[in-house]
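All remarks here apply to the structure that follows.
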Amino acid sequence: MRYVVIDLETTGNSPSKSGKIIEIGMVAIENDEIKETKTTLLNPNQPIPPFISHLTGIHDGEVKDAPLFSDEAEEITRILKDSYIVAHNAAFDVGFLNMELTSNGYPELKNQVLDTVELSRILFPSISSYKLSHLAAHFELHHDDPHRALSDAYVTAKLFMKLKEKLDHLPYETLFKLKNLEEKLQSDLAAILDNRLEEIAFREHPDKQIKHYQGLAFRMSEKEMKSDAQIDISFGEYLDAVYKEQGSLSRAFSSYEPRKGQRQMSETIYDAFSAKKHAFIEAGTGTGKSLAYLLPAVYQAVNQRERLVISTYTTQLQSQLLEEEIPLLRKIITSPFKVALMKGKNHYLNLEKFLYELDYGPKDNYDFVLTKAILLVWITETETGDIDEIQLPAGGYIFFQKVSADVEKTMNPKSPWFHHSYYQLARRRAQKADVVITNHALLCTDMFNDYAFLPSYQKAIIDEAHHFEETASHHYGLKLDYIQMQFTCNYLGTADEDKQFSSVLKASDIGQREALAHKWNTAIREAKYDIDELFHLIERFVRSQQKNDKATSDLGRVQYRIKPETYQQDSWQLAQDMAARLRMHFQRLLEVLSQLMDTYSVDNGDEKQFLEDIGQMQDALVKYIEDLKVMFQEQNEVALIKWAEVDLKGKHHSVFLYSEPADIAPILAEEFFSQKESIIFTSATLTMGSSFTFIKERLGVAEQDLLTEQIASPFQYDKQVQLLIPTDFPDIKYGNIDDFVYAVCEAILSLAEITSGRMLVLFTSYDMLKKANDLLKEMMTEQQYVIIAQGVTSGSRSRLKKNFQSYDQAILLGTSSFWEGVDIPGEDLSALVMARLPFQPPNHPVFEAKSHQMKEEGKNPFMNLSLPQAVIKFKQGFGRLIRSSEDRGIVFICDGRIKTAKYGKYFLESIPSVPVHYEATRHLISNAEEWFHQ
């Protein structure tokens, strides 16, 4: 076979919008060897935009005397004749070529096409980015001249050979299933797959770790964990062997410097374990807290032969512990220990469900088909089945909901799929482990459910503990939204649609099929209608409320708290009636499913899939019935905070309903702390004014059961940071918001001149962020900085952070979620601007409700809630700047209250001692420039 790899440089992104080709590169491959190359500049007969010239280095002068496309068209078609066209994002290149060919009297290309973006996603599913430059770096392909056509074509050719090689090593079953999906893919793989299938039809796959079951090939090995062994030295000797000057840490790292606080933290944790007490440990940035808590965790678990749980806030931090910290720990301690990772069921692929969707699921959705292809290859590589290992297309995560272990009920150990279940494998590993690494969400799910999601434990370490109250409250609470409810109804479908209910009904042998179908269709249609009406009514209701009664979320949604007096309003009573009617429709759907369930035999293997499908539908409907009852009834067993969120710029159904407990502390005290021997909470931000009172009261930990420790950061903040506070900013409390934002933007641009961008700007208001974003773009000359704004620039928080780091001169604007958990070390971040001190808006639903409750209890909500929350968040924000002993940077706080208000001292006293400058902006900027360039 002959393949021609092409790459084009063009004046724009679309041939339909007057885009023209300015350079073409072509590389011909035969028998896995490069046989021919061609490149030429082309005259587009129009100016090249400055952005394109900057990107490619091709300027108008270089193409002035270059040939026109018409001059090269015949040679291009000769090279492409009887060849596959290979390109990175093939639709772009082929679209441009066809536009130029047809406008010059040539026919459109009819070649088979292979897209290396799509093929890379399928064949290398674990790679983090599929940009050509990233793939070149990953595979160590020499890329001389990015964004020049021949260089890009050459690298794409080398990449294509890697892809062919990978395809040739896939098992027969994987290739066979891929062949069934090929028709809906963008790449024309049919002939290639047929040839390879013919070649290996009767060969045994060489990888003995690959299992072959019911037409699927997948990797699943239950690795034997090392046998139990005790650590036969005292804990003090154990720490000496690691931390002392010539200890294992210094031998593992030549640059290691002993940190007194690290050992202090290890000792405090061991003391708490020994005394069977809970502990709060605030460990400053740079303490090395992961290693500090892993050491006593392993010692305790191994020596006492008791399982210990470590919980992190995010699944990404879980993976970081397993992939980075645990290997380090194995280097520095000689004793063997067993570690397992445990996530929620929705993270694991269910192979039985996946096989069913491959064989019987619809093949008309491209994202679904691409996801099936990605998963087919991935299961030959993964040892965990954890979806966090790979990236799926946007629609792929919707498909994954259908095939994750979340859809399986309690699995029968006698089922043949039980031993081919990634989730059950994770559970078995956790049962055998000394240390189980999980996340707050699963820990709380385990806490609040009868079903044991985690193996039993008595001791746990909670990292990023300042998030624990919020996570526990969310998991005790609920969320209802229009999109999810309508998605469920559409997924169930009517008896006449080729959806979930139809497949179950057809498989039944029930005599009254027609009557049941009628009953189901009536109920499902009325349910969909009433969901539409209910959420539309709530949206109108929230819009009609007074402005002062509403807040705005980080995402720009309007929030409205459902108060006791809300239940007296006619509109809300109408919503209650509608919710009751909706529950009745769901109840009728359950009745139909119950009648169908009676027709099945559990012992009949052919009907097992349908039994599970019915069970899954029943669970979804029961949950909606219960959640609607909780959300719309005035009194609940536990005092709840309820609120609605509406995206006023979205469709009229962009409505979300939430509830969570008004006070999670007594619930945690009863269901967690009283049930466990020792829970260690650690974070860089747990105190206000050196006191743990706030976090202790919010979580419900009794004083007599508690140890506390504060450990200072080893960084030299007095030399690494300058903190600037202007004296001349407009006072926002007098309504000068526009003037204030203008002053903020002036300061941002002045600081950016000093630090070459590389700046994070933190806002407490989404509206202020948007105003600043617009104003900065107006104020900048020639777009000298790339502005990346949360909620304006598309992408997740991690995507925005990556974009920020990829540009030389960028300014990142963020709201609430960017105040914490964003790690941008080194020179990528040199300045931090805080527009306002991070107080919660007084009308934020949860804050408003808790403040009201405190007033009724005779407490001061400002000192007991508002200020501690703001101080802890301020500490988190401050912590974004200095992430290592080598970092230097400027903190600019635009909010003068930090110096003028009585409570301002709490903020300054909460951070390490740094030089504070309080003067006019022009003096601050001048002094900052001098310091920064020392």
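Glycine is no exception: its Cβ is also placed from the backbone N, Cα and C atoms.
Not measured: the values here are computed from a predicted model.
Look at TrEMBL and you will find Ala283, Gly284, Thr285, Gly286, Thr287, Gly288, Lys289, Ser290 tagged as ATP binding site. For 248-517, the entry in TrEMBL reads domain 'Helicase ATP-binding'. Residues annotated as motif 'DEAH box' in TrEMBL: 463-466.
Cβ atoms within 8 Å of the centroid of the Cβ atoms of Ala283, Gly284, Thr285, Gly286, Thr287, Gly288, Lys289, Ser290 (the ATP site) belong to the same-chain residues Arg259, Gly261, Gln262, Met265, Ala292, Ala684, Ile711, Ser713, site residues excluded. Fewest other C-beta atoms within 10 angstroms, among the binding-site residues Gly284, Gly286, Gly288, are seen around Gly288.
Within its own chain, Ala283 (ATP binding site) has Gly261, Met265, Lys289, Ala292, Thr682, Ser683, Ala684, Ile711 as residues 6 or more apart in sequence whose C-beta sits under 8 angstroms from its own. Shown in sequence order, Arg259, Gly261, Gln262, Met265, Ile711, Ser713, Pro714 are the residues of the chain, 6+ apart in sequence, with a C-beta less than 8 angstroms from the C-beta of Thr287 (ATP binding site).
For Lys289 (ATP binding site), other Cβ atoms within 10 Å of its Cβ number 25.
Per DSSP, the motif 'DEAH box' (463-466) is made up of 2 helix, 0 strand, 2 coil. Note on the motif 'DEAH box' (463-466): its mean pLDDT in the predicted model is 95.
Classification of Gly288 (ATP binding site) by DSSP places it in coil, neither helical nor stranded.
Here the Cβ of Thr285 (ATP binding site) has 21 other Cβ atoms within 10 Å, regardless of which shown protein chain they belong to. Within 10 Å of the Cβ of Ser290 (ATP binding site) there are 23 other Cβ atoms, across all protein chains.
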